[in-house]
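So the structure is just underneath, and the comments pick up after that.
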Amino acid sequence: MGGVSTSHVLLGLLAAGSRHGYDLKRAHDERLPRARPLAFGQVYATLGRLQRDGLVAAAGQDRAAGPDRTTYALTDPGRAALDEWLSTVEPPMPYVASTLFTKVVVALLVADVDRARSYLIAQRGAHSARLRELTAAKADPAATLSDVIAADFAIDHLDADLRWLRATLDRVADWHREVHP
Amino acid sequence: MRPGTLVRLALAGTRTDTARVVLTALSALLATLAGLAALTVLAIDKPPGDAWTESEQYRNALLREPGLRGGTAFALLMLTIPVLALAGQCARLGAPARDRRLAALRLAGATPGQVTRLAVLETGVAALLGTLAGLGLHLGGREILHRPDAQGRLALPTDVLPSTGAIAAVVLGLPVLAALATALMLRTVTASPLGVSRRAPRERGPRPWAGILIGVGVASFAAVRPVAYRFDGNDEVLGWLVPLLFVAGALAAMIGVVIGTGWISYTCGRLLRRYARRPPALLAAGRLMADPWAGSRTFAALLAAVIFGAGAAALRAYFVTQDQLQRAQSQLAGADGGADPFYLSTMDLVDAAVAVAILIAAGGLMVALVEGIVARRRAYAALVATGVPRGTLSRSVAWQALTPAVPAILLALAVGELLGRGLFPRAATGGSSAQVCNATAALCDDPATRERYTRIVETPGAERVPDVPLEHLAWLGAGATVAVLVTVGVGLLFLRVSIALDELRTA
Amino acid sequence: MTQLQARGVVRAYGPTPALRGVTLDVAEGEIVAVTGPSGCGKSTLLHCLAGILRPDAGEVTWRGHRIDTWSEAARSRLRRTEFGVLFQFGQLVAELTAAENVSLPLLLAGTGRREARTAALTWLERFGVAELADVRPGELSGGQQQRCATARALVTEPRVLFADEPTGALDTLTGEQVLTQLVRLAREQHTSVVLITHEPRIAAYADREIMLRDGLVDHTGLGLDVPLAGGAR
């Protein structure tokens, strides 16, 4: 899913005008401040794939800057693909699958309640620490709205995870009895 | 709703609700006693004869003389005013909590009618129990006090009973009245299941309409005499016009003073807010301005009693002056009958009634004050938690009660005095002539010689404006102020006990 | 430096134990969140620390002085001068304007009216509600009321601010704004904060979190000694 998103982000960034690869990487990191930073290799690989599918086209080369500085532009099929992607709704959590959830289940299967509980507690500690970090970043007077909104997204998810962790800690003994009757 | 459910929900109160029910019953009892006493006095049969024939079976002139019985009954009825005001104040005891409970019932789906029926049932039944107990007490007292003296004369009119219809009107009418008043006070709760939440702020204080009402009251009392002269002999007109002027005037003046207290509270609040330096006065100022009618409600009964007392003081001053004039005249004519104590001893009885009224009113004041404190318990607890000393809160309660009380009592004294003075502006005796015999008894007794020594002494008519009974009014004002001080003192003791920080847990 | 210390604090309401021996330290300028499920004794702990309630057993120490043995008047003075107290709602005096409410602690301390009003306006300004200075609480929104209450709690520049679910009655966004301002201003004047909450996202404003469970500190709560998977975030 991540790869698909990267190509759509690049298409979106090109919708405002043609850019070369380095620009695209910088704009990506600025607009999605707390996303995993994009590697140059990934930018060029994705652009190559998009060019192959006819969604972007090379629009010229900045000679002074060397061969890597090819400028790319959005093609009409590319615009159509972007439109289609934007007008579809993401399925809301089609599968309950997360490493966090899976790990607790496995811990209960292979070990006892204490193992599962200590994992939950450790995870809660890590979640709390991260939540505190993001809250501090968000409260920083220098934070831009992009920073705040990105932090909010993560805070809300961590908050939900923490509630789940707390409730599951209270239920883990009963749960274990259900798994090992 | 089944009757069982109705009763269960009506009984679902706290101790405060129990206290309210007991006090409602008690005030209904007191009102019944006063009302039945007045009716009994009115029920005394006038023996056949002219208008002045006395009912010889009573020891007390107030009961014996037909001309005085009306006044006696009126004074007894006046006693019901502070009692009814007390009932009104008792009805508000714990009312915010009850209103919340009733609002919760509305939220749970009760119709406005069902909720009203609940509250009306509570008040009506409590009042009915009170009036029935009052009736029982009256009938019992009648038996016990029926003790003719050696001449077979009675101290009280224990030989007559009001008509059954009149008794029923008091015993059943008072509960109906109480129930109607409750239904009226519950309008806000029944209108919305949310009860009284955010009230619109008061943009401006009460307007001084009270002045107009007081003016009307004083004017109608002052009009009684001219009207009586104007329609002299026309008993039909006088029969309804004079009582109308009395009742309308007294009501207008009392309502005027009570409303005026709202204005006084607001104005005191504004002045305090402007000049207050310390938090207690500032807190009191805020409360006085936010709810100026609290003062009116709190002091209504007391002020009614003070007006009545001040009117009685003016009346006494008139009687004293009249008596002095008459004595002066008798002395001119050569005779000295001494002071005539009749009217003054009557006034003593009226003053005793005023004292009782002030006592009852002080009871109502206490109820209202404690209720105000209980209603704010949570707010007080929050303030104490943030470090506001309890002494500051006590002082703010004292400021809040005393600041409007003193001017309001002064106003009530002035209005009462004006009413009495309007009725009897000046004492007067008409001119008279008397034959005086200036000789020995023997000479005077002899018809032959008497003529020579006898002369006619002409006494000119005299008029005097009675003095303002400053001393009497001062005593009355002091009494009322002391009543306020004592109740505030007791209220403060209650405040100390009632600020439990446990209130914070329900936050 | 340790400002506030609780040692084995026990407190019961009748037969119901609320605290069963809580020990904790609050350092100068530190923001400590106390979390836990409903009924775990959070509010009781705050009331004991702030000197509102006396513990049945144990000690509460303020800068080396045992305050749980002080008289109510002395603790009242301490709360007025060194502490600030903030509740979920309903702490403003309904009959006084916002500015009068905020200046109340200063007036109690004997400050003149004009001076107190100036300070109140400054604090209302800091919370962005200066234009509501002459409005009564009944006409304010929940968020505005809570901003005024926070301004009142901070106007005496207290050493410790006790906040019991200060954003509990507010929506998420408003609550965050109020809390962000509170934390920023507390840090500026090195005020310690004891923050009671049951929400993880509110506790995240604190430097440290203490979890209560059944009247005791739950030490297993926040283990951080487990390595993070993949060594990255």
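Each residue, glycine too, has its Cβ placed from N, Cα and C.
Heads up, TrEMBL stuff is auto-annotated, nobody curated it.
Residues or ranges marked as domain 'ABC3 transporter permease C-terminal' in TrEMBL: B:91-189 (among others).
The domain 'ABC3 transporter permease C-terminal' annotation in TrEMBL covers B:353-421 (among others).
For B:21-44 (among others), the entry in TrEMBL reads transmembrane segment.
The transmembrane segment annotation in TrEMBL covers B:73-94 (among others). With a threshold of 8 Å between CB atoms, the same-chain residues lying at least 6 positions outside the transmembrane segment (B:73-94) that come near it are 13-14, 16-17, 19-20, 23-24, 26-28, 30-31, 34-35, 37-39, 41-42, 123, 127, 178, 181-182, 185, 254, 297-298, 300-302, 304-305, 308, 349-350, 353, 356-358, 360-361, 363-365, 367-368, 370-371, 374.
Same-chain residues lying 6 or more positions outside the transmembrane segment (B:115-140) and placing a CB less than 8 Å from one of its CB atoms are 1, 6-7, 9-10, 17, 21-22, 24-33, 36-37, 87, 91, 98, 102, 105-106, 167, 170-172, 174-176, 178-179, 181-183, 186, 189-190. The transmembrane segment feature in TrEMBL is assigned to B:115-140 (among others).
Summarising the annotation, TrEMBL assigns transmembrane segment to B:160-186 (among others).
Below 8 angstroms of C-beta separation, residues 238, 241-242, 245-246, 248-260, 262-263, 415, 418-420, 422-425 of the same chain, each at least six residues beyond the ends of the transmembrane segment (B:207-228), sit close to that stretch. For B:207-228 (among others), the entry in TrEMBL reads transmembrane segment.
For B:240-268 (among others), the entry in TrEMBL reads transmembrane segment. Cβ atoms under 8 Å from those of the transmembrane segment (B:240-268) belong to residues 81, 205-221, 223-224, 227-228, 231, 285, 288-289, 292-296, 299-300, 303-304, 307, 403-404, 407-408, 411-412, 415, 419 of the same chain, restricted to positions at least 6 beyond its ends.
Summarising the annotation, TrEMBL assigns transmembrane segment to B:299-319 (among others). Under 8 Å from some Cβ of the transmembrane segment (B:299-319) lie the Cβ atoms of residues 78, 81-82, 85-86, 88-89, 253-254, 257-258, 261, 343-344, 347, 350-351, 354, 357-358, 360-362, 364-365, 404-405, 408-409, 411-417, 419-421, 423-424, 427, 466-469, 472-473, 476-477, 480, 483-484, all in the same chain and six or more residues away from its ends.
Tertiary proximity for the transmembrane segment (B:352-375) is limited to same-chain residues at least six positions away from its ends with a CB under 8 Å from its CB atoms, namely 16, 23, 30, 75-76, 78-79, 81-83, 85-86, 88-90, 92-96, 294, 297-302, 304-306, 308-309, 312, 397, 401, 476, 479-480, 483-484, 486-488, 490-491, 494-495, 498. What TrEMBL lists as transmembrane segment is B:352-375 (among others).
The transmembrane segment feature in TrEMBL is assigned to B:396-416 (among others). Same-chain residues lying 6 or more positions outside the transmembrane segment (B:396-416) and placing a CB less than 8 Å from one of its CB atoms are 214, 217-218, 253, 256-257, 260-261, 264-265, 268-269, 272, 279-281, 283-285, 287-288, 295, 298-299, 302-303, 306-314, 369, 373, 473, 476-477, 480-481, 484-485, 487-488, 491-492, 495.
As annotated by TrEMBL, transmembrane segment applies to B:473-495 (among others).
Taking DSSP states H, G and I as helix and E and B as strand, the domain 'ABC3 transporter permease C-terminal' (B:91-189) has 73 helix, 1 strand, 25 coil. Under 8 Å from some Cβ of the transmembrane segment (B:160-186) lie the Cβ atoms of residues 24, 28, 31-32, 35-36, 39-40, 42-45, 87-88, 91-92, 95, 99, 102, 115-116, 119-120, 122-128, 130-132, 134-135, 142, all in the same chain and six or more residues away from its ends. Counting only same-chain residues 6+ beyond the ends of the transmembrane segment (B:21-44), those with a CB under 8 A from a CB of the stretch are 55, 58, 63, 69-70, 72-74, 76-77, 79-80, 83-84, 86-87, 90-91, 93, 122-123, 126-131, 133-135, 137-138, 157, 160-163, 166-167, 170-171, 174-175, 178, 360, 367. For the domain 'ABC3 transporter permease C-terminal' (B:353-421), residue counts in helix, strand and coil come to 64 helix, 0 strand, 5 coil, using DSSP.
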